[in-house]
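Student: Okay, these came from TrEMBL:
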DOMAIN    51-148  domain 'FDX-ACB'
Amino acid sequence: GADGAVVGHAGELHPAVTAALELPARAVELELDLDAVVAAAPHAVRAAPVPSYPVAKEDLALVAPAQVPAEDLRLAVLAGVRGAGLGALVEDVRLFDVYTGAQVPAGHRSLAFALRLRAPDRTLTAAETAALREAALAGAAHLGAVLRS
């Protein structure tokens, strides 16, 4: 706990115990006093409710001038979506790949972003997802980025 009190124990089980219980040869055991852990927490932990509607995933590979920081491009994508009044539908925009090579013009790089889109009250339609994608591309265009072909 926060005051140094022991809230549990962990350790590797003896080989005779693992053999008798038909466990892997090297297994561990953990005993935790959850009441003590909760009591030591500085504040109550609130979990977000599990969404009722599915996420729509959209990947965008953008070719941008090499000097444009990835975070600036990510923020431009978000700004485009927000500017179209669709910002509430974006859960996350995350960079997952950066590529420079033969298929990208000199002085440029390809940055791939994963968009997580969700409405709290319905499943997004294909038209809504397409509108979000176009708004994201419009935002990226402000930094000279285009969709990689």
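Note: Cβ is positioned from N, Cα and C throughout, glycine not excepted.
Unlike curated entries, TrEMBL annotations are predicted automatically.
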Student: Of the residues in the domain 'FDX-ACB' (51-148), how many are helix, strand and coil by DSSP?
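Tutor: Summed by class, the stretch gives 33 helix, 32 strand, 33 coil.
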Student: Just to confirm my parser: what is the rounded mean pLDDT across the domain 'FDX-ACB' (51-148)?
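Tutor: 96, rounded to a whole number.
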